[in-house]
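Q: Right, I'll just put the structure down here and ask away after.
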Amino acid sequence: MAGDDHLISGLYAITDAHLMPEPVFLARAEAALRGGARILQYRDKGDVVTDARRRRMQAGALRELCAQYGALFVVNDDPRLARVVGAPALHVGAEDAPPAALRAQFGRAILIGVSCYGSVPQAQEAATQGADYVAFGSFFASPSKPQAPVVSVDVLTAARAMIDLPIVAIGGITEANGRALIAAGADALAVISGVFAAEDVEGAARRFTALFNNRKE
């Protein structure tokens, strides 16, 4: 989806099954969108076979919600689900299919994001293979991934100088530390607990969004 790089900016909210149990799943997702989330990723680690129907229904509903709010919908780690629900974007990790293989499968019909953890060379390779954006982190201790290694904020500065793609920062991001990541070069902040663990999801999303509204150009 050439020309859509501008879609990767602002608050990038990521769903969590524990923080968003099924009875309130869509309501909490919509609250984040009302609060200004520009991107919403469906991240669900349920079994792709036994949970297939639920995953398909949730992903399809999120795609419709995102379209209603003008936000980008992303499926995490599941190319088949992305195709089934017509997701406009797919995010993968280092263990998943490489960007070149996904690009061959989907063509330019989908945005592809790649987790690069703390590796700028890995991000450069992803860019060469056709990725549309790259993600780095965890930058801080993360309640969602407590075992994830913490990487230096300097990675963002180095990547910004060497890679001509939108950059997403992830991992333990809060309203207090997010501004420094934006200043270092992050185009978007990917947040799970900071948004969906909040009692007021919409309010939390608005505060994260304000970090971008208030940044110096």
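Backbone N, Cα and C atoms are what each Cβ position is placed from, and that goes for glycine too.
Owing to the predicted nature of the structure, the values given are computational and were not obtained by experimental measurement.
From Swiss-Prot, for reference:
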BINDING   Gln41, Tyr42, Arg43, Asp44, Lys45, Asn76, Ser115, Lys145  4-amino-2-methyl-5-(diphosphooxymethyl)pyrimidine binding site
BINDING   Asp77, Asp96  Mg(2+) binding site
Q: Hey, how far is Lys145 (4-amino-2-methyl-5-(diphosphooxymethyl)pyrimidine binding site) from Asp96 (Mg(2+) binding site), Cα to Cα, in Å?
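A: For Lys145 (4-amino-2-methyl-5-(diphosphooxymethyl)pyrimidine binding site) versus Asp96 (Mg(2+) binding site), the Cα atoms are 18 Å apart.
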Q: Fill in the CA-CA distance, Ser115 (4-amino-2-methyl-5-(diphosphooxymethyl)pyrimidine binding site) to Asp96 (Mg(2+) binding site), as an integer in Å.
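A: It is 10 Å, counting Cα to Cα.
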Q: Would you count the other CB atoms within 10 A of the CB of Gln41 (4-amino-2-methyl-5-(diphosphooxymethyl)pyrimidine binding site), including those on all shown protein chains?
A: 24
Q: Find, among the binding-site residues listed as Asp44, Asp96, the one whose Cβ has the highest number of other Cβ atoms within 10 Å in the structure shown.
A: Asp44
Q: Rounded to a whole angstrom, what is the C-alpha distance between Tyr42 (4-amino-2-methyl-5-(diphosphooxymethyl)pyrimidine binding site) and Asp77 (Mg(2+) binding site)?
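A: With the alpha carbons as reference points, the distance is 9 Å.
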Q: Compute the C-alpha separation of Asp96 (Mg(2+) binding site) from Arg43 (4-amino-2-methyl-5-(diphosphooxymethyl)pyrimidine binding site), stating it in Å without decimals.
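A: Rounded to a whole number, the Cα-Cα distance is 14 Å.
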Q: Record lists Gln41, Tyr42, Arg43, Asp44, Lys45, Asn76, Ser115, Lys145 as binding 4-amino-2-methyl-5-(diphosphooxymethyl)pyrimidine; longest Cα-Cα distance in Å?
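A: Value for the max Cα separation, rounded to a whole number: 16 Å.
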Q: Could you tell me the C-alpha distance between Arg43 (4-amino-2-methyl-5-(diphosphooxymethyl)pyrimidine binding site) and Asp77 (Mg(2+) binding site) in angstrom, no decimals?
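A: Answer for this pair: 8 Å between alpha carbons.
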Q: Cβ-Cβ under 8 Å from Lys45 (4-amino-2-methyl-5-(diphosphooxymethyl)pyrimidine binding site), same chain, 6 or more residues apart: which ones?
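A: Once residues fewer than 6 apart are set aside, Lys45 (4-amino-2-methyl-5-(diphosphooxymethyl)pyrimidine binding site) is near Ala17.
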